[in-house]
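Step one of this worksheet: look at the structure below.
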Amino acid sequence: MDRSSLLQLIQEQQLDPENTGFIGADTFTGLVHSHELPLDPAKLDMLVALAQSNERGQVCYQELVDLISSKRSSSFKRAIANGQRALPQDGLLDEPGLGVYKRFVRYVAYEILPREVDRHWYFYRHRSCPPPVFMASVTLAQIIVFLCYGARLNKWVLQTYHPEYMKSPLVYHPGHRARAWRFLTYMFMHVGLEQLGFNALLQLMIGVPLEMVHGLLRISLLYLAGVLAGSLTVSITDMRAPVVGGSGGVYALCSAHLANVVMNWAGMRCPYKLLRMVLALVCMSSEVGRAVWLRFSPPLPASGPQPSFMAHLAGAVVGVSMGLTILRSYEERLRDQCGWWVVLLAYGTFLLFAIFWNIFAYDLLGAHIPPPP
């Protein structure tokens, strides 16, 4: 509903004539019903729970504004949790007569969110527009780039062994560190069909639901932070190696989601969660093991070092730190949380260190990097 029109109606009805900052929950609920205002059922339930957390049965005006604005502060969440009246516990699984898309939205809610109140909140306020375009666009771009280079090189597996592959302007190569765009664009290149398939599958199965729940801005920030951290970590820890593939971003998303599931294990309602957790860890570990094997025991003769595996590990670290902070803050303002600023400060410090390292350390240490293609 329109926030400004509702707040104007509250002022016209003089629900808070003494300017105390509080509004009676029963009075407001009656106003909603008498004017047939389309307030989401989940929001009405939360409004009552907020009022029950106040000894006078009132809700704070600012909390009401936050509720209507679909943004919740930490104090708002605590008031909900401490309410004397429990929120309705009937699950969304019992909702009858849902269409195909609404059933998919319900599935996403149970896959991603650990609390029934958050699942209700997401289910009732979800809109199909805008769609989760970021993960879909990145995956499509990666597939197109792979097909173009596969047709050009006539090679679909272990493309990095082709002498022309490393000449791509997208690949990160230590000899081209001054071309700063390569620290990000390497995510569009892949070693072969097996790496592309693994990354694309996880981006669609985990990245798209995460973007549907947490929004384009947060998930794109997490993904790109993992990609950037991956190439910068390789430039510090494996100075002679190039980097290809979107594994830094993929591992940031996956590790954040898995860590969030573990920390909210009792509340997660996704089916077969233990089995799926084990399978995800096995697949991710296998992909890292394969990258280590290709780096140190290349199966074919190569003109230079093969791509590093450190981007996978760096992405996982970003996911457990920054990603977990984002996923635990569903519909809450990140800027209001101290932990978010701590994570940003740590990431910013790492970026500054990595930039100075790339400018000065290679010459100071006399690193022997392979000649750029």
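Yeah, the Cβs are placed from backbone N, Cα and C, and that goes for glycine too.
The active site, nucleophile feature in TrEMBL is assigned to Ser247. Counted within 10 Å of its Cβ, the other Cβ atoms near Ser247 (active site, nucleophile) come to 32, all protein chains included.
Listed in sequence order, Gly230, Ser247, Gly248, Tyr251, Met284, Glu287, Val288, Ala291 are the same-chain residues six or more apart from His312 (active site) with CB atoms under 8 A from its CB. If you look up TrEMBL, you'll see His312 marked as active site.
Under the heading domain 'Peptidase S54 rhomboid', TrEMBL lists 179-328. Predicted-model confidence for the domain 'Peptidase S54 rhomboid' (179-328) is 91, expressed as mean pLDDT.
If you look up TrEMBL, you'll see 133-152 (among others) marked as transmembrane segment.
The annotation transmembrane segment is assigned in TrEMBL to 183-204 (among others).
According to TrEMBL, the feature transmembrane segment maps to 216-236 (among others).
Long-range neighbours of the transmembrane segment (248-267) within the same chain, counting only residues 6 or more positions beyond its ends whose Cβ lies under 8 Å from a Cβ of the stretch, are 112, 114-116, 138, 187, 199, 202-203, 206-207, 210, 219, 222-231, 273, 277, 280-281, 284, 311-320, 322-324, 326-328. If you look up TrEMBL, you'll see 248-267 (among others) marked as transmembrane segment.
Annotated transmembrane segment per TrEMBL: 274-296 (among others), in sequence order.
Sequence annotations record features per position, and here TrEMBL assigns transmembrane segment to 308-327 (among others).
Taken from TrEMBL, the feature transmembrane segment covers 339-360 (among others).
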Residue distribution over DSSP helix, strand and coil in the domain 'Peptidase S54 rhomboid' (179-328): 110 helix, 1 strand, 39 coil
